[in-house]
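Below is one structure, written out as structure tokens; comments come after it.
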Amino acid sequence: MERDGCAGGGSRGGEGGRAPREGPAGNGRDRGRSHAAEAPGDPQAAASLLAPMDVGEEPLEKAARARTAKDPNTYKVLSLVLSVCVLTTILGCIFGLKPSCAKEVKSCKGRCFERTFGNCRCDAACVELGNCCLDYQETCIEPEHIWTCNKFRCGEKRLTRSLCACSDDCKDKGDCCINYSSVCQGEKSWVEEPCESINEPQCPAGFETPPTLLFSLDGFRAEYLHTWGGLLPVISKLKKCGTYTKNMRPVYPTKTFPNHYSIVTGLYPESHGIIDNKMYDPKMNASFSLKSKEKFNPEWYKGEPIWVTAKYQGLKSGTFFWPGSDVEINGIFPDIYKMYNGSVPFEERILAVLQWLQLPKDERPHFYTLYLEEPDSSGHSYGPVSSEVIKALQRVDGMVGMLMDGLKELNLHRCLNLILISDHGMEQGSCKKYIYLNKYLGDVKNIKVIYGPAARLRPSDVPDKYYSFNYEGIARNLSCREPNQHFKPYLKHFLPKRLHFAKSDRIEPLTFYLDPQWQLALNPSERKYCGSGFHGSDNVFSNMQALFVGYGPGFKHGIEADTFENIEVYNLMCDLLNLTPAPNNGTHGSLNHLLKNPVYTPKHPKEVHPLVQCPFTRNPRDNLGCSCNPSILPIEDFQTQFNLTVAEEKIIKHETLPYGRPRVLQKENTICLLSQHQFMSGYSQDILMPLWTSYTVDRNDSFSTEDFSNCLYQDFRIPLSPVHKCSFYKNNTKVSYGFLSPPQLNKNSSGIYSEALLTTNIVPMYQSFQVIWRYFHDTLLRKYAEERNGVNVVSGPVFDFDYDGRCDSLENLRQKRRVIRNQEILIPTHFFIVLTSCKDTSQTPLHCENLDTLAFILPHRTDNSESCVHGKHDSSWVEELLMLHRARITDVEHITGLSFYQQRKEPVSDILKLKTHLPTFSQED
């Protein structure tokens, strides 16, 4: 280091100052002038030194005379000469070299950890000495901790401990920081470039098909991008340039592990087994948590994650963290995977994936995952509305930018298909919005509660009492305890079917549904925290909605799609990778509208059992034990009234089935089509009731106020059964009946009330449910018809005794018949209603371009404790109950074995998009 400093730089000082080289003191041949310079303060000496030299003297003689003279001033002159030389050297250094030396010591650039000395130092000792150069930290220390270039680092001397390089040779070495080109070479970063529509994949040599990257930002609430998008330039550009949905609906419960595993399997938690971050399996007698070794037991993981699908079909996968990816599922790990370690820097994860993308073709994965814990971690700690969450959002936006810049460096930014996604949203917690069951139950020592917004309850003594515990008694004890109660206890088979949270032994038989922002625990000591962020609530709540952005050559450019569920993403990724999906809960083809070139063309399922005829019979009229009001128009001549011509039947079909007849996909049921003037039915001769009934209500249709509760007419097209008689239901406190097509509906001025009073239009119905059914038909149906300019209605019974969301087989139904009054009767578990209208309310249901739907799957219960109806008017709770139990058309199809809209002309993929839509409402904000 000495050679660089001014103190040891005499030779460089001479070069810097001109006077020492050119002055007389350096010229030994000009002795007189030299002496004069050495003794300028002595007049006599000066005079003698300036006297002309006697050129006639020989040098030797002159020298001899000088030696003998021994002038005493000689030593003074020599001293002065030496002083002048030293002074000249110093001045030369100061005035001639000062700029050069100062320039060297102001910066550590090129000097990091070298033991040189100067005005400032750049070795490790400078910190203790307090004389580090001003840029020591940025130039020498930060490169060990940061993954990017900045102006301090551009052109740096290569440092062995830096995470990436910004030196001039980094491109040759292949270790440049991701942003080297934009920061140090003036090129534009990915986010600075304009949007471009990538019509065809533009891939480097060796990439036969575009790779797919699934990138999760845990806990990224959909609303974050709506509110803070201006602070998130990279994600906002992906949204603008790619395919985006304002909300992606997670699965219930809205927790991390269940949702991440649903995304990669296309299955609901009840199907793939990961029903929560914490759970107990009574058959395994084992408990699962994210911090236990049990997490690595493959027995917990059902279904087929996409890296297993890829492996089966000859593709490779690389996962840098994803729930389940570090577990040997079906005997398979991803080809490259990392054991989860939350301390691994985000940048290291991104660089690893970029390095995997550079592997040789035969080693390189086709499918990749990335996972970041933010903004979930900050949301939990500080709440969703906090400066810390904003910082976390900006941080992950920078990470996405790092990825995109890295892809650009590899020329993969027009090749790779990116899915940027999150698992769920985030809600603000409050200690005042926590419910404790010990307040209601007293002694709770024998009870275990999994706390949170989707709480569950089981006995402490497991597995012995897991199945025999009195869950129903506790549910009854906790129902309707307070006005405006913010939680509802549910036996799991009564939960809204849209949640798909029942068919698993890992889901305790007793669960709790909570209002937005509310949580539940056994007592205050059993919950972790109450005032920070949380998630897990109903998956339709606005603050639980998740992020989805698709970008790359496989996705459409610059579109915003309607909300869809994350179970659809598995099929989407399979399409991007040209894989055949494993069986799953998604609807393959429902996201075709996101893709530029869909590879899968869906088709309507075929009806597996043809319709049979229900001919008129000449059986004698039977006494049904009914008492009809004389004002009701009776059916005098049944055959005349219902023996319709082909032309009449065509008109009726057009008016009652404008979108086609529901196809029956149940293999065993014998179904015949019954046509009436105002409605049509698909009647099952096996279960003695209609599977469906369809009719249309116009905006101006009138409804009668007549009471039809004890009036039936025999339908001579169907053999009469005791369950079709009024006498069977009279004074029966357990069960009554209801009409599928409402007798109150009067579409003609002359009135044809009696058609809806046929024995083939009734279904067994609990009296408590009749309250809901009547209010819907008398009040809500008219309201919806007015709001939507008419609606088509299809309704019918549901049988889901094993609560798996699928229609039960006829064999199972035979085992579920109940005996009432010595007569077998099959009582539905639910009833469904499908309302279809036009998106454009200036159109009528019979002439729709684009359809709008609203469907319900209503639990058929013996009481209305779910709604705490005591002292309430029907108007205050029935519609709220319907909205809680709304469902997708797809959910209705699965649970009934029916298929809708098969006669619509638009592509089947558009029909599937309609069927998988679930309406949302403002009260869930």
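Note: Cβ is positioned from N, Cα and C throughout, glycine not excepted.
Here Swiss-Prot flags THR256 as active site, AMP-threonine intermediate, drawing on similarity to another entry. The annotation AMP binding site is assigned in Swiss-Prot to ASP218, THR256, ASN277, LYS295, TYR340, ASP376, HIS424, HIS535. As annotated by Swiss-Prot, Zn(2+) 1 binding site applies to ASP218, THR256, ASP423, HIS424. According to Swiss-Prot, the feature GMP binding site maps to THR256, ASN277, LEU290, LYS295, TYR340, ASP376, HIS424, HIS535, an assignment based on similarity to another entry. Annotated dTMP binding site per Swiss-Prot: THR256, ASN277, TYR340, ASP376, HIS424, HIS535, in sequence order, evidence recorded as similarity to another entry. Positions annotated as CMP binding site by Swiss-Prot: THR256, ASN277, LYS295, TYR340, ASP376, HIS424, HIS535. What Swiss-Prot lists as Zn(2+) 2 binding site is ASP376, HIS380, HIS535, and the listing cites similarity to another entry. Annotation comment: Swiss-Prot describes HIS380, SER532 as 2',3'-cGAMP binding site, evidence class similarity to another entry. Residues or ranges marked as Ca(2+) binding site in Swiss-Prot (evidence: similarity to another entry): ASP800, ASP802, ASP804, ARG806, ASP808. Per Swiss-Prot, the feature domain 'SMB 1' maps to 104-144; the stated evidence is sequence analysis. Sequence annotations record features per position, and here Swiss-Prot assigns domain 'SMB 2' to 145-189. What Swiss-Prot lists as region 'Phosphodiesterase' is 191-591, and the listing cites similarity to another entry. The region 'Nuclease-like domain' feature in Swiss-Prot is assigned to 654-925; the stated evidence is similarity to another entry. Look at Swiss-Prot and you will find LYS915 tagged as site 'Essential for catalytic activity'. Summarising the annotation, Swiss-Prot assigns topological domain 'Cytoplasmic' to 1-76. Summarising the annotation, Swiss-Prot assigns topological domain 'Extracellular' to 98-925 and lists sequence analysis as the type of evidence.
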Spatial separation of ASP218 (AMP binding site) from ASP423 (Zn(2+) 1 binding site) - C-alpha basis, Å: 6
Helix-strand-coil residue split for the domain 'SMB 1' (104-144), DSSP-based: 16 helix, 2 strand, 23 coil
Residue among binding-site residues ASN277, LYS295, SER532 with Cα closest to the Cα of ASP804 (Ca(2+) binding site): ASN277
Most crowded position, judged by CB atoms within 10 A, among ASP423, ASP804, ASP808 as binding-site residues: ASP423
Mean per-residue pLDDT computed across the region 'Nuclease-like domain' (654-925): 92
DSSP-derived class (H/G/I helix, E/B strand, else coil) of ASP423 (Zn(2+) 1 binding site): coil
Neighbouring C-beta atoms (10 Å sphere around the C-beta of ASP800 (Ca(2+) binding site)): 23
Spatial separation of ASP376 (AMP binding site) from ASP802 (Ca(2+) binding site) - C-alpha basis, Å: 36
Residues within 8 Å of the ASP800, ASP802, ASP804, ARG806, ASP808 Cβ centre (excluding the Ca(2+) site residues themselves): LYS503, PHE799, PHE801, TYR803, GLY805, CYS807, ASN812, ILE895
For dTMP: widest Cα to Cα gap among THR256, ASN277, TYR340, ASP376, HIS424, HIS535 in Å: 22
Fewest-neighbour residue among recorded positions, criterion Cβ within 10 Å, set LYS295, HIS424, HIS535, ARG806, LYS915: ARG806
For the domain 'SMB 2' (145-189), the number of residues DSSP places in helix, strand and coil: 9 helix, 2 strand, 34 coil
Cβ neighbour count within 10 Å of HIS380 (Zn(2+) 2 binding site): 20
For ASN277 (AMP binding site): intrachain residues, at least 6 apart, with Cβ closer than 8 Å: LYS255, THR256, PHE257, PRO258, SER289, LEU290
Same-chain residues at least 6 apart in sequence whose Cβ lies under 8 Å from ASP218 (AMP binding site): THR256, TYR371, LEU372, GLU373, GLU374, PRO375, ASP376, SER377, SER422, ASP423
Sparsest-packed of the listed recorded positions (THR256, LEU290, ASP802) - C-beta count within 10 angstroms: LEU290
Pairwise CA distance, LYS915 (site 'Essential for catalytic activity') versus HIS380 (Zn(2+) 2 binding site), rounded so that it is a whole Å: 35
C-alpha spacing of HIS424 (AMP binding site) relative to ASP800 (Ca(2+) binding site), in angstrom: 29
C-alpha spacing of ARG806 (Ca(2+) binding site) relative to HIS424 (AMP binding site), in angstrom: 26
